[in-house]
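Peer 1: This is the structure I have questions about; it appears just below.
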Amino acid sequence: MGSGVLPAYGSGLWVGSCPCVQSLSPALMYRGLTLVLTFVFYASFHLSRKPISIVKSELHTNCSSLEKIPPNDTNSTTWCDWAPFDQANYNELFGALDNAFLVAYAIGMFISGIFGERLPLRYYLSGGMVLSGLFTSLFGLAYFWEIHVLWYYIIIQICNGLVQTTGWPSVVTCVGNWFGKGKRGLIMGIWNSHTSVGNILGSLIAGVWVSSAWGLSFIVPGIIIAIMGIVCFLFLVECECELGLDASSQPHKDPEVTLSADDGSCSRENTIDSSEYPKEPAEQPGAISFLGALRIPGVVEFSLCLLFAKLVSYTFLYWLPLYIVNVAHFSAKEAGDLSTLFDVGGILGGILAGLISDYTDGRATTCCVMLIVAAPMLFLYNHVGQNGIGSSIAMLIVCGALVNGPYALITTAVSADLGTHECLKGNAKALSTVTAIIDGTGSVGAALGPLLAGLISPTGWNNVFYMLITADILACLGLCLISQAKCLAWPAFGWVAAKERPGAVARSAGA
């Protein structure tokens, strides 16, 4: 971490040597670079998670509908299925696969934030990406190695779930370090589309090989995320603290790292380097404890809301293609392609939620309204969404926007707001821990959703959607206190900026 010089690793050399950007301020260049890199990095995480939902319908399919001729030495009706998923309880086995990943992810997320506060994020994130690529590829290699042991797939999913927890706290911390609160909702709403972009790319890439050699549906995404891990190691700049940006214009001054009391991000403050007036280095605040992060107002409420919101989102992520195959009777590839529309809606919903929450200064109220509207939309999609291709496309986009909008807002702008809350007094080391707590709690719901879908789906898909609607309502109830305080702060006519930043429950509940 040099003082007055750009870092020796890739990002400083690459950006600074580009003639087309030399006229821009260094801080602006690195801010844009960080936004683009973290977008690509986390998109690759979701790209590597998506193949399992596409491949499910190929691991267990209706063999009688295939044009292939079964082997002469078999009378089995499951001759085309991949053992051990050729059994009658295949839905429960798929649920076990999803749950192995998501439970490991949920448990690991609570620990990941603690490590993220204490380790260099560049090393931490790049190492996690390379390991994620390894375990994703190992799942696909089971096709070529002809592995039919359930425990192999379970262990791979557990390991992959643990190493993927390095991603979210790291990228949110990086973005939170570079961007203030002003338009954080809109910026992070656009940036958070990486989740849906990764899901879309993962679906399309997995769909290329799902019917021919499904192992490649995992190996190719695994290679992609591993390559992105190397790019992360070479080019990511965690924070402005690592750069001597002010020294180039004022070489006689030595930049000293301070923490902004406004948003907790790193900033520079120049002090004259004089031997006559030696200064003791400013003591850096320590990393916040787990219990200390829970005491930040609003963390518990938004965590509980995300638990149920993520339950709904991840049930769609893992089970939507199979639902489309079973109900609308599309092929595995067609179902995978159609399911990407839910993620297209997620992109629009995340941007819309961020824009509205910035304009109204009401994160919780924005989430509540979208969750309330989502409940009847989920009911309509299940009953009329499969009546035609047009209605299916429209309902998938609308449901994706309403379900993923609040989820995107909470995991990005809300987490960043809470991690730089005013009660922290400028301690920037809380952001990763707060992010991990919120997303870790949400990941418990992400684990429960696919598990419950696997258990309930044999009784009928209607019951699965009733479960999703119930979870959606519970997510809304989790934010009632914050939303009520916000609404009471609004006058009868016109929108007035009443401070309802996440964590304002303690201040505004009595308003």
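Note that the numbers count up from 1, one per residue, in the order the chain is shown.
Using the three backbone atoms N, Cα and C, a Cβ is placed for every residue, glycine included.
Since we're looking at a predicted model, the values are computed, not measured.
Pulled these from TrEMBL:
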type	residues	note
DOMAIN	36-487	domain 'Major facilitator superfamily (MFS) profile'
TRANSMEM	28-47	transmembrane segment
TRANSMEM	99-116	transmembrane segment
TRANSMEM	123-145	transmembrane segment
TRANSMEM	151-179	transmembrane segment
TRANSMEM	191-210	transmembrane segment
TRANSMEM	216-237	transmembrane segment
TRANSMEM	299-320	transmembrane segment
TRANSMEM	340-357	transmembrane segment
TRANSMEM	364-381	transmembrane segment
TRANSMEM	393-418	transmembrane segment
TRANSMEM	430-452	transmembrane segment
TRANSMEM	464-482	transmembrane segment
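Give me the lay of the land around each of these features.
Peer 2: If you look at the transmembrane segment (28-47), the same-chain residues 6 or more away from its ends with a CB under 8 A from one of its CBs are 11, 15, 21, 125, 129, 132, 164, 167-168, 171, 174-175, 178-179, 187, 191, 193-199, 201-202, 205, 221, 224-225, 228, 231-232, 235-237, 240, 243.
Long-range contacts of the transmembrane segment (151-179) within the same chain: residues 30-31, 34-35, 38, 41-42, 45, 48-49, 96-98, 100-105, 107-109, 111-113, 116, 121, 124-125, 127-129, 131-132, 135-136, 138-139, 142, 187-188, 191, 236, 238-241, 263-266, 411-412, 415-416, 419-420, 428, 431-433, 435-436, 439, each at least 6 residues beyond the stretch ends and with a Cβ under 8 Å from a Cβ of the stretch.
Remote same-chain partners of the transmembrane segment (216-237), defined as residues 6 or more beyond its termini with a Cβ less than 8 Å from a stretch Cβ, comprise 7, 9-12, 14, 30, 33-34, 37-38, 40-41, 44-45, 47-48, 50-52, 54-55, 121-123, 125-130, 132-141, 143, 174, 202, 205-210, 243.
Away from its own ends, the transmembrane segment (364-381) comes close to residues 301-302, 305, 309, 312, 349, 353, 356-357, 395-396, 398-399, 401-403, 405-406, 409-410, 465, 468-469, 472-473, 475-476, 479-480, 482-483, 486-487, 500, 502 of its chain (Cβ-Cβ under 8 Å, at least six residues beyond either end).
Cβ atoms under 8 Å from those of the transmembrane segment (393-418) belong to residues 168, 172, 175-176, 179, 181, 184-185, 188-189, 191-193, 195-196, 296, 298-299, 302, 305-306, 309-310, 312-313, 316, 338-339, 341-346, 348-350, 352-354, 357, 363, 366-367, 370-371, 373-374, 377-378, 380-381, 384-385, 431, 434-435, 438-439, 442, 472, 475, 501-503 of the same chain, restricted to positions at least 6 beyond its ends.
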Peer 1: Across the domain 'Major facilitator superfamily (MFS) profile' (36-487), what does the mean pLDDT come to, as a whole number?
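Peer 2: Taking every residue in the domain 'Major facilitator superfamily (MFS) profile' (36-487) and averaging pLDDT yields 80.
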Peer 1: What else in the chain is close to the transmembrane segment (340-357), if you only count residues 6 or more beyond its ends and a Cβ gap under 8 Å?
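Peer 2: Distant contacts of the transmembrane segment (340-357): 185-190, 192-193, 195-197, 199-200, 203-204, 313, 316, 320, 363, 366-367, 370, 393, 396-406, 408-409, 412-413.
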Peer 1: Using a Cβ cut-off under 8 Å, which residues of the same chain at least 6 positions beyond either end of the transmembrane segment (430-452) come close to it?
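Peer 2: The answer is 95, 98-99, 102-103, 105-107, 109-114, 116-117, 121, 165, 168-170, 172-173, 176-177, 264, 287-290, 292-294, 296, 299, 302-304, 306-315, 318-319, 407, 410-411, 414-416, 418-421, 424, 464, 467-468, 471.
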